[in-house]
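In case it's useful when we look at the structure, here is the feature table from Swiss-Prot:
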type	residues	note
TRANSIT	1-48	transit peptide
CROSSLNK	Lys52	ubiquitin cross-link
COMPBIAS	76-94	compositional bias 'Basic and acidic residues'
REGION	76-163	region 'Disordered'
COMPBIAS	106-115	compositional bias 'Basic and acidic residues'
COMPBIAS	136-146	compositional bias 'Pro residues'
REGION	222-250	region 'Disordered'
Amino acid sequence: MATSSITIPTIRTPIHRSKFLGQTHQFSTVNRSVFPPPKQQSKLYQVKAMGKFNLWEVMGGRGLCNGEKGIEKELQRNIEDEQETSKAENNETERESDDSNLSFKVPEDGFEKEMMGLTGGFPGGEKGLKTFIEKNPPPPPPPPPAKQGSDASAVATDKKPKAPKLPLLMPGMIAIVKNQNSPYHMYCGIVQRITDGKAGVLFEGGNWDRLITFRLEELERREKGPPGKNPKSCILEPLIEQMQKEEAAP
């Protein structure tokens with residue numbers, strides 16, 4: 001039997017091609033470069049250095065413009081002519097300012113400083129103040145009280161008012177316990193705080209420090225400070241005074 005060979009035509013179409021809308025796109029990145037193409041720089045704006053570099057002009061020479069050339073110009077300049085021209089210009093400006101001041105008049109009833117752009121002042125300035133005082137003079141001082149009867153009433157009126165009394169106790173003051181029924185009788189301490197009719201007193205005695213509250217009636221203000229060693233030593237003060245009096249007596 002004769003063998004028959006059947007040849008199948010091969011379809012040679014690209015695999016990685018897309019025929020969407022009749023366009024073919026290559027998805028292979030073999031021939032594509034990673035970096036974008038360089039942009040061409042526009043040559044429209046180019047800066048050109050037109051000035052010259054002169055060290056003496058940059059540094060200023062001896063403090064004048066253009067260095068040595070500036071000094072020569074200053075030496076050749078005529079100062080008298082410039083002074084005359086400047087004086088003439090100043091006179092013209094003064095005349096113009098005087099004319100403007102004469103044209104600008106402030107009424108006496110108006111606020112001068114407010115009209116000129118400032119604040120405050122009296123209406124009409126000093127003239128307005130004088131006219132106001134003339135029209136509204138200050139009231140005369142009250143006459144002294146006539147003396148009636150004895151001089152006691154006059155002395156009473158001449159006395160100065162008394163200064164207000166200080167409160168009984170304030171924080172920082174020194175107080176002593178005057179309640180004989182209290183175990184802290186004649187103890188002396190420093191007032192720390194006062195609330196609701198009571199005061200907290202700090203007794204300092206070396207290692208013995210204690211803060212105790214008392215009623216205001218139980219305490220009395222004291223000028224002399226508390227003893228440094230023992231707060232109970234205040235009890236001995238009257239005894240020491242009595243002993244000193246007995247020793248001083250013959």
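Heads up, residue numbers simply count up from 1 along the chain you see.
The backbone N, Cα and C atoms fix where each Cβ goes, and this holds for glycine too.
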When DSSP states are grouped into helix, strand and coil, how many residues of the compositional bias 'Basic and acidic residues' (76-94) land in each?
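The compositional bias 'Basic and acidic residues' (76-94) comes out at 17 helix, 0 strand, 2 coil.
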DSSP helix, strand and coil counts for the compositional bias 'Pro residues' (136-146)?
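Its residues divide into 0 helix, 0 strand, 11 coil.
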